[in-house]
Amino acid sequence: SLTAKDKALVKAFFGKIAGKADAVGHEALVRMLVVYPQTKTYFAHWPDLSPSSEEVKKHGKTIMAAVKEAVGKIDDLVGGMAQLSDLHAFKMRVDPSNFKILSHNILVTCAVHFPDDFTPEVHVSFDKFLAALSSTAADKYR
């Protein structure tokens, strides 16, 4: 579970990346689609899954908007992110293992673009946060 220190580190780190969050989301999604091509099945309705695709850019922005919302609701992720869980479980029927894959790609992208801020402490706390968010997103599957 997230400690008070974890929460403080996550909030501070997200504050540093917030201005580039859309680009982080876009790159993380591109990485996921390229490195884990099986994830493309959830986006088969898009006409273009290339890195320059408008759909991919838009969804990257959507992803990071949800992460930002979760940072704001860090003290009650399950209650605060219930709609996200409902959407992915009941409407989109996304395999919950994909949340972990996306989280990993968000971490990689943050490490690449924010090396000075992505300290080992931040890495651990942000990873724990994304794991908690992934678990929350998968909550309705249980």
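Glycine too: its Cβ is placed from the backbone N, Cα and C atoms.
Feature annotation from Swiss-Prot assigns O2 binding site to His59; the stated evidence is sequence analysis. For His59 (O2 binding site), the same-chain residues lying six or more positions away in sequence with a CB closer than 8 A to its CB are Gly25, Leu29, Phe43.
Sequence annotations record features per position, and here Swiss-Prot assigns heme b binding site to His88 based on sequence analysis.
Look at Swiss-Prot and you will find 1-142 tagged as domain 'Globin'.
Taken from Swiss-Prot, the feature N-acetylserine applies to Ser1, supported by experimental evidence. Taken residue by residue with DSSP, Ser1 (N-acetylserine) is part of neither helix nor strand, so it is coil.
If you draw a 10 Å sphere around the CB of Ser1 (N-acetylserine), it holds 5 other CB atoms from the protein chains shown.
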